[in-house]
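S.K.: Just passing along the structure, written as structure tokens.
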């Protein structure tokens, strides 16, 4: 088995936001890096893998380590920003490989390029010659911007391979298919051993052989199960919300119908008593029932007469009250006292005195007339 130390260079430029690889270039790259890391560590437990970004000053996320979990945790913190500097990233990866612990390990760089390479072809060829001299192999996954980068990257890889034509690889992946699937079937992983060699993602569930990497297969299965449960929960909530909206009108109608039914029953129970079957009653029972009905009728009649007397008393009291008010208003002395208390009114005014005099004479005439009528009676 080959002992190898590998530095994985990931593209974290703004171009990785594009969705030509589902769901985005960045997430498709994460899946592919996951496969690369597990393939390298599975082929030989002593193999080491490191991680570096090509944008934002080419930051080394993890140094060489056999711990794939640490690498993947750092990988998922990468956010797209800026532009890549391909040559600088490859130089930093080469420097990290020089500090590997196992000096007998072969050196390899796997670079994911998903944005335009701005370095000119001359600089790329010069860098490739230096890496060939240092016996460093470079595999490049060219995706997303293959029309711009293919020519430059082909010259870079051909310079690395030299006359032998082996050791380094360039894999160009067109938009559409899964980046991870294309990588599995590519020559980059050929000869590394393990169950994933020569297999497509469709040969095993999630593209991983459970017997070769049970932990990864279990993690993928748990992730898919959680996603399925979330989707089912969202669908259940949406169905419940729509059912609740549709049931509001029906519930209101049922409630009103129930209330009407209860009201009808209560009216039937309390407002109207059922008539007894007289044919099934004895003569004594019929006499007792007749006496009871007559007593109820008498009570009802007394209540009605009391209501009538009360209403008639109210009617007779109202005219008497009106007559008392009229007599008070016709009293000259009362009016004179009222006028004296009103502000701005002069009781000695000639017009007011004439009006009061006519009112007094009218009251005298009415008094004499009432006296004559009483004498006649």
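In case you wondered, yes, glycine gets a Cβ from its N, Cα and C as well.
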S.K.: Can you tell which of 73, 178, 223, 358 Swiss-Prot marks as phosphoserine?
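M.R.: 358, according to Swiss-Prot.
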S.K.: Quick check on the record annotations: which of 122, 135, 152 is tagged SUMO2 cross-link by Swiss-Prot?
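M.R.: Record says 122.
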S.K.: Given the candidates 13, 337, 361, specify the residue that Swiss-Prot annotates with phosphoserine.
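M.R.: Checking Swiss-Prot against 13, 337, 361, the phosphoserine entry points to 361.
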S.K.: With the ranges 287-291, 292-296, 332-336 to choose from, which does Swiss-Prot describe as region 'Essential for ubiquitin-binding'?
M.R.: 287-291
S.K.: Where does the phosphoserine label fall among 211, 266, 312, going by Swiss-Prot?
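M.R.: My reading of Swiss-Prot gives 266.
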S.K.: What range among 76-103, 300-327 does Swiss-Prot record as region 'Disordered'?
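M.R.: Residues 300-327 are the ones Swiss-Prot records as region 'Disordered'.
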S.K.: Can you count helix, strand and coil residues in the domain 'UIM 1' (211-230) using DSSP?
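M.R.: Its residues fall into 17 helix, 0 strand, 3 coil.
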S.K.: What's the number of neighbouring CB atoms sitting within 10 A of the CB on residue 361 (phosphoserine)?
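M.R.: Neighbour count, Cβ to Cβ under the 10 Å cut-off: 11.
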S.K.: Report the mean pLDDT of the predicted model across the domain 'UIM 2' (282-301), rounded to a whole number.
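M.R.: Mean pLDDT for the domain 'UIM 2' (282-301): 67.
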